[in-house]
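Take a look at the structure set out below.
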């Protein structure tokens, strides 16, 4: 044997075997090198492409957050995520939390189709190919409850009256499914819904004596609550079975108070209620005459349950953003406003009269029957609105400027609090400066939080729209990069980008949504 090969052979023979019995040089899945140990930060596993497989083998229930170090929403989630990990550890739960640095682990982001941060995926029993998208809240207790209802049962099995009554007494809202056969597919539908309805407690039973105790003769889902009517029944259709969407709508509708006070705790539920029509009573809760109006408001509510959501807004509390949205001042209370959340159309009573059960009922019926026209918010037209490169538009001058047939008008619809709007402001100013001597081009902006338009609603910020010259009231939505060069090419090419220009960087982050949006905040890659 060649003496020069001897050291090499000795090194190969003495080389440690791979993890978990792998031989020398054995690669992991997808050509991965041998796995290293899994590190932790604040109770959260830190994973890479080399350690994910090991973590999946060791932890049958694993929630993984794909994050980016620069992502603001990820930074906001981080402390709650660590708290959730601590809560799970305190329960000695088998579920673990983990995280992956997306930009540093592009193979994993590609494998799991991660397109925005943060993205959370739940892995069960080591199944790498079909993780479940996390759809729960972004606070610690909500994260733990979401996981608990997937690892264990989402509803408590009830055997007797004592246990049933104890469950009902324990929470403000309790939902119990009474099913004669727990193997029926309707039970699976019920349990699937219970997995995600985290703000309610669920139970189920097949005991005949409990059917009798609660006056039931057929399969029924019953919502028990410590307010309003106290109970609401949802009988299961004997022919069609239990429809999850119908049951979800029923539970959401009946789990809410007939009259809900708007605050930071109730607002997410108000916007998630899927009741499109909202009637708002603006009062000052510190004034006795205002408080006396609540009785009539509540009296009018029952016939409209499920059709109109009755909401009280205290103008003396931290609700200035709501007042601003409706163009109101605190001194105008007490007053009513009606809004359709889908169209964002707002309505005000024809006359400023007393708020009584009769006047509230009449106002609701008038709006629902189409007898009232919506009102539109608008600031006053500034005296110098056209004296700067970027023209200032408001609701009152929008139509005459945007649809001027002799001008090509490019408008930025913004919100004063929108970070993306602030980021693109220099480019928009530079664009206006560049084209200020073009008589047929107008660069403008409109604060869409203080001005509403009959032509269309603005749902995200910034929104850029181009109104080409000529008849027909044409509108072109701009969806490309927000830099001076690309914006200029769009204008020079008559409201479209040249074909050879790819739309880069997707191309800008998604428009920011208003504070009343129910979607979870995320950032694009």
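From the backbone N, Cα and C atoms, a Cβ is placed for every residue, glycine too.
Values in this document were obtained by computation on a predicted structure and should not be read as measured data.
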Handout entry: From 16-40, 41-65, the residue range that TrEMBL assigns the feature region 'Disordered'
Key = 16-40
Fill in the blank from the handout: Other C-beta atoms within 10 angstroms of the C-beta of residue 418 (disulfide bond) total 20
Problem - Cα distance (Å, whole number) from residue 421 (disulfide bond) to residue 74 (disulfide bond) - result: 21
Exercise for the section: List the Cα distance (Å, whole number) between residue 71 (disulfide bond) and residue 421 (disulfide bond). Expected result: 17
Completion exercise
DSSP tally for the domain 'Thioredoxin' (351-496), helix/strand/coil in that order, comes to 45 helix, 28 strand, 73 coil
